Amino acid sequence: MRYADPSANRDLLGSRTLLFIFICAFALVTLLQQILYGRNYIKRYFEFYEGPFEYNSTRCLELRHEILEVKVLSMVKQSELFDRWKSLQMCKWAMNISEANQFKSTLSRCCNAPAFLFTTQKNTPLGTKLKYEVDTSGIYHINQEIFRMFPKDMPYYRSQFKKCAVVGNGGILKNSRCGREINSADFVFRCNLPPISEKYTMDVGVKTDVVTVNPSIITERFHKLEKWRRPFYRVLQVYENASVLLPAFYNTRNTDVSIRVKYVLDDFESPQAVYYFHPQYLVNVSRYWLSLGVRAKRISTGLILVTAALELCEEVHLFGFWAFPMNPSGLYITHHYYDNVKPRPGFHAMPSEIFNFLHLHSRGILRVHTGTCSCC
């Protein structure tokens, strides 16, 4: 008869005990890291229900620092950035006047929207050989006919409007109920003929003071206005008396179709003004944001409008700007509030743009709205 060695059983039991202790210790350390590393989750859970914190409270200073300490987007996981941003929403937002003025002063030196946002008779005299933004070898000679289309001077001046809303087209706007807050702004910018029909007004509002039109939309949807003139005119009437803004001098392909927009509105005796981005303004804005890490073939129209708004408005609010497939709560959203058509890959650097907006929000320079609004 063979007998089991009792010491062997004790060794096996001891090994299992050590393994169990190791697993428990590892789990405990991991749990403590989750609780203590970077943020105190339990404390924040209860703080959330205490109501919004004042902008300059110690807690909010810490939360803003957690956004600002991320110098480049690749430093943190997307979920980590979302969590930090979501935590910051418990803080009231207020404009940091000194930070905002300093930033606007920088924009004034590099870009100067009040003087160069649009081509005007003042900044682009008759006979000017205007260089395109992209086709730098291309030159457009400003003749009498084109010169008459330009306003005599910029229609807007520095800090003219108290509160502006720049409305992007992101799916983050869907079910936001931000329409009333957008409509309450003194001046509203919109991008690329977005739908503002009754189906969407609760979320996106209707007020529009400037709406941009990408010439590719005119080419694809309205056959370059060679035949489809009235349908295009009807689309613009949705925005009532909003000014129409186009990048006529971005490249040579854009010019004729952009100028045709002016002819169409004149033919239908529309009161809507037509303006064209000054190509040098677009070049300067692109260079400025490149210096802040936005590397793209072309910056988005939204970023251009935000840059201009920061000079033309005292206070700037952003709606519909979000470049991720999930909202800050981790729920999947459509790319636009009206469809899920993705952009051409590699053309814009939208995540980098949004990342910069979150920094500007944290510095009190502008406000980014990504949640549900409770206006007025």
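Every residue gets a Cβ built from N, Cα and C, even glycine.
Sequence annotations record features per position, and here Swiss-Prot assigns active site, proton donor/acceptor to HIS348 based on similarity to another entry.
For ASN56 (N-linked glycosylation site), the count of additional Cβ atoms within 10 Å of its Cβ stands at 12 [all protein chains shown]. Here Swiss-Prot flags ASN56 (among others) as N-linked glycosylation site.
Per Swiss-Prot, the feature N-linked glycosylation site maps to ASN96 (among others); the stated evidence is sequence analysis. Listed in sequence order, the residues of the same chain lying 6 or more apart from ASN96 (N-linked glycosylation site) and placing their CB within less than 8 Å of its CB are ARG363, GLY364, ILE365.
The number of other Cβ atoms within 10 Å of the Cβ belonging to ASN241 (N-linked glycosylation site), over all protein chains shown, comes to 11. According to Swiss-Prot, the N-linked glycosylation site annotation covers ASN241 (among others).
Positions annotated as N-linked glycosylation site by Swiss-Prot, on the basis of sequence analysis: ASN284 (among others). In sequence order, CYS110, CYS111, ASN112, PHE116 make up the list of same-chain residues 6 or more apart from ASN284 (N-linked glycosylation site) whose Cβ falls under 8 Å from its Cβ.
What Swiss-Prot lists as topological domain 'Cytoplasmic' is 1-17. Averaged over the topological domain 'Cytoplasmic' (1-17), the predicted model reaches a pLDDT of 50.
According to Swiss-Prot, the transmembrane segment annotation covers 18-38.
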Query: Hey, how far is ASN241 (N-linked glycosylation site) from ASN56 (N-linked glycosylation site), Cα to Cα, in Å?
result: 41
Task: Please classify the secondary structure at ASN96 (N-linked glycosylation site) using three-state DSSP.
output: coil
